[in-house]
Each structure stands twice: as C-alpha cells, then as structure tokens.
Ligand SMILES: *[C@@H]1O[C@H](CO)[C@@H](O)[C@H](O)[C@H]1NC(C)=O
C-alpha cells in the first residue's frame, strides 16, 4: 500500500513539471543536439567490427590501413607490460607507458587508448595537452595533486588532491598536470578517448621546438628578458 502511494506520488510529480523544470529540460535537449555536431571532433566511428592496424602498410590515411581480417589473431588485440614500473629517473620524476594504436594495433578505429603513469616521490607529469582526447585518470597508488586550466580569457585553474581509487577527468585539449605529493612512489592509469591522443608538453613545445622559436618572440610573449628565454631554451 505504501509502495503504491509512493509510485502514484512519483507519477504525479513527473507529469506536472513546474515551468523552470520544463525550461531546463528544453535546455538539456538543446545541449544534446549541439553535442551531436561536436561528436565529429572525436575519433570517427568504426565501419566494421575491427580494423587492426597494418603497421607495414605504406599507404597513409586518417588512421591506419586495416590488416586483412582473416589474418587477424588474438594477439592483435593484446598488450602485456603495464605491471612494469616506468623509469622515473629523469628531470621531472615521472614516466608514461602508453598503450595506443602504436603499441596495440587492434585499437585502430576504436577511439580509445590508455597509459600507465609512474611518479617518483614529488615527481610531476609536467603541464601538457592531448590534442585529440579527453583523459580519465584513476589513482592506483599514492596521493596525486591534479589540475587543468580552462581556455581564454578565464584561464581558471581547476585542481584537486586525489587518493588511491579516486578518478578525475581532464577535458579534451585543456592543459593539465599531475604531481605526486606523497613520500612514496605513486601510480595512475589513464584512459583516453582516441586511439592516438597525442601529447604536447608545453615547456618542450614552446622552449624546445626544432628549430627554436626566436627568443625575442618568447621574451615578448612571456614578458621577460631575452636572457631568461635563452636560459630556459638551453634546458630543452
Ligand atoms: C633509468 O633511466 C636512467 C636515465 O636515463 C638510466 O641511467 C638508468 O639506467 C635507467 N634505469 C633502469 C633500471 O633502466
């Protein structure tokens, strides 16, 4: 009896929207429609069950050419090695072990990939962006401070301290970073919404491009003396 009353009450509520609820539903619908056109900005949907990358092909398309389906094996969909810790003995104290289409050819056309990230104590994964993917990160071990910055003109920093088991998402294209704030090693697993997310590490791209961006351009952009730019460029 009580259950039945609850059900009637719910039905009543769902058939008499206050105006503000209807407005918000219309807004949501509008956003969904807008989202349909944005969907083309991610990896395209597959046109067959799979398209294992033929890494020997000399033909270049948007993605990689499919290996002949009858030659495909279970190992084409397989990768082994994420149990191994990356070597974090470097200037930033972190190591990324990627599992993209380059390492796992079965990912071709599937719009997904992953990575293991190891951090030495106080190590960082420096500010970077993935031009083709949103990233969702899970902390497996340790405490990791994460953050991303929104686009111009706000450039708002959105940051959070994560514990083991916590999950955080970095929206596509935005500059983000991670830091191990614990005293031991930290490990995270990232999933990315592209078979080939790409990485642009900000410091390397700006101060370590090949050839260099002219120092006077960077001096003006960063509002510092040319000597400061030369000093930073010498590190990358
Ligand atoms: C880790 O990398 C450092 C620097 O490149 C290197 O000297 C060291 O031998 C590497 N350690 C292992 C275990 O591979």
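Cβ coordinates come from backbone N, Cα and C, glycine included.
Pulled from TrEMBL:
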- 125, 130, 135: oxalate binding site (BINDING)
- 128, 130, 135, 176: Mn(2+) binding site (BINDING)
- 51-66: disulfide bond (DISULFID)
- 80-230: domain 'Cupin type-1' (DOMAIN)
- 1-41: signal peptide (SIGNAL)
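In this structure the alpha carbons, written CA, of residue 176 (Mn(2+) binding site) and residue 135 (oxalate binding site) are 10 Å apart. Looking only at the binding-site residues 125, 128, 135, the one with its C-alpha closest to residue 66 (disulfide bond) is 135. Of the candidate binding-site residues, 125, 128, 130, the one lying closest to residue 51 (disulfide bond) when CA atoms are compared is 130. Take the mean position of the Cβ atoms of 128, 130, 135, 176, the recorded Mn(2+) site; other residues of that chain with a Cβ within 8 Å of it are 129, 133, 148, 170, 174, 175, 197, 199. Same-chain neighbours of the oxalate site beyond 125, 130, 135, judged by a C-beta within 8 angstroms of the site's C-beta center, are, in sequence order, 115, 128, 129, 133, 137, 170, 176, 190, 192, 197, 199. In this structure, the binding-site residues under consideration are 128, 130, 176, and the one with the smallest number of other Cβ atoms within 10 Å of its Cβ is 128. On its own chain, residue 125 (oxalate binding site) has 92, 94, 96, 117, 119, 177, 178, 179 as residues at least 6 apart in sequence with a Cβ closer than 8 Å to its own Cβ.
For the domain 'Cupin type-1' (80-230), the mean pLDDT of the prediction comes to 98.
Cα-Cα distance from residue 128 (Mn(2+) binding site) to residue 135 (oxalate binding site): 12 Å (rounded to the nearest whole number). Less than 8 angstroms from the CB of residue 135 (oxalate binding site) sit 169, 170, 176, 190, 191, 192, 193, 197, each of them six or more residues away in the same chain.
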